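First up is the structure itself, then whatever we jot down about it.
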Amino acid sequence: MANVVVVGAQWGDEGKGKIVDWLSEQADIVVRFQGGHNAGHTLVIDGVTYKLALLPSGVVRGGKLSVIGNGVVVDPWHLIDEIERIKAQGVDVSPSSLRIADNATLILPLHRELDHFRETANAGLKIGTTKRGIGPAYEDKVGRRAIRVVDLADPDALPAKIERVLTHHNALRRGLGIDEVNAEALLSELKAIAPKILPFADTVWSLLDEERRAGKRILFEGAQGALLDVDHGTYPFVTSSNIVAAQAATGSGLGPGAIGYVLGIAKAYTTRVGEGPFPTELFDEIGETIGSRGREFGVNTGRKRRCGWFDAVLVRQTVRTSGIHGIALTKLDILDGFEEIRVCTGYMLDGQPVDHLPASQAAQARIEPVYEVIPGWSETTAGARSWADLPAQAIKYVRRIEELIGAPVALLSTSPERDDTILMHNPFED
């Protein structure tokens, strides 16, 4: 029996929500291990739509333990709002079903303000952040001045911790021409939110270790995509955390031996939100058609996603950096009806072939994709639940992707409906 890590194999928005929901039925515990509330996802269960950003997907299924690990940065005000919202939809969320790592870093209002100011300022590089304070909170974590969940339990020690945070932030704000943060006001806000958050706090690494030893199945739910990883993504157009599968261990407190099967999620084409390189981006009617059919707008932000052909070079790269065992290929039905489909199989850089995306930002801007043209199919794949339901050419497309990325397709999704899934290999049965 394997524990399973789910990671996005592109730039996020690959359809992880549906796959995680499908897998969570077989899991006992669902763990978020990185990021914050910057990456939303939608679940449709028994006709009811749930929109989550910070809460693990398991929270909407009864009998599951949901865990927010130490690798996540937690906006406590957003978390309570999200809990109340899904409670209003009839979902039971209590300390018996949700635990939060006591050593998780908190996102403070000053982090959101700084994020917004940086991104909207005329000077400097625009990264395309969601302006929710994720990056500044991680900066404080690495700078060893963060306020963590556990600190809320010691109100007498909070003033000194706030002073340490504000020594840095108020100096920065003065330099940026922003009003300084009032220490008493921040202390009051934290004291007010503490009793709502602390009942969920736990020593998560110990809890997960005990459950693992008891034979419980653990599903590690990644957010965003590996191409946004702060180390292995298209830097600096990345998020502020590690996203690759190894982070599941670091961000939950379990050793790497607890990770079993790594399932990467990839669309049958490619999308990206925000700034940054995108070698296969389409600026024509085909790109518009893909975006319209695929409803390519952000769950949290409503931002329009950039669309392009499937980039086998990039997915092959994430297969390697995340140690992906198998891929869940989603949105195959969006490609129905195209006479021909292109797949990027390599790059040219200054007239020379390259088999990966270089780390240099300047080199990334000069990359030219090399395409293989594959005949399309006129029949529909929407709603297919077996190989027999698929057009022959669609099967050839999937098989060619497997060859190019160096990993098998374990699951194939043919619509947003959770049952419209073709299973080749169950990750939990490794």
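Cβ from N, Cα, C; glycine included.
DSSP assigns Thr414 (GTP binding site) to coil, not to a helix or a strand. Around the Cβ of Thr414 (GTP binding site), the number of neighbouring Cβ atoms within 10 Å comes to 25. Marked as GTP binding site by Swiss-Prot: 12-18, 40-42, Arg305, 331-333, 413-415.
If you look up Swiss-Prot, you'll see Asp13 marked as active site, proton acceptor. DSSP classifies Asp13 (active site, proton acceptor) as coil under the three-state reduction.
When secondary structure is read from DSSP and collapsed to three states, Gln224 (IMP binding site) falls in the coil class. Same-chain residues at least 6 positions away in sequence with a Cβ under 8 Å from that of Gln224 (IMP binding site) are, in sequence order, Gly8, Trp11, Gly12, Gly35, Asn38, Ala39, Thr239, Ile243. The annotation IMP binding site is assigned in Swiss-Prot to Asp13, Glu14, Gly15, Lys16, Asn38, Ala39, Gly40, His41, Thr130, Arg144, Gln224, Thr239, Arg303 on the grounds of sequence analysis.
Annotation source Swiss-Prot lists Mg(2+) binding site at Asp13, Gly40. DSSP gives Gly40 (IMP binding site) a coil state; it is part of no helix or strand.
Look at Swiss-Prot and you will find His41 tagged as active site, proton donor.
Non-local neighbourhood of Arg303 (IMP binding site): Val273, Gly274, Phe297, each in the same chain, at least six residues away, with C-beta under 8 Å from its C-beta. Taken from Swiss-Prot, the feature substrate binding site applies to Val299, Asn300, Thr301, Gly302, Arg303, Lys304, Arg305.
Checking each of the recorded positions Asp13, Gly302, Lys304, Arg305 against Thr414 (GTP binding site) by C-alpha distance, the shortest gap belongs to Asp13. Secondary structure at Leu332 (GTP binding site), taken from DSSP and collapsed to helix, strand or coil, is helix.
Taking every pair among Asp13, Glu14, Gly15, Lys16, Asn38, Ala39, Gly40, His41, Thr130, Arg144, Gln224, Thr239, Arg303, the residues recorded as binding IMP, the greatest CA to CA distance is 35 Å. Cα-Cα distance from Gly40 (IMP binding site) to Lys18 (GTP binding site): 12 Å (rounded to the nearest whole number). When each of the binding-site residues Gly12, Gly15, Gly40, Gly302 is scored by how many other Cβ atoms sit within 10 Å of its Cβ, Gly302 comes out lowest.
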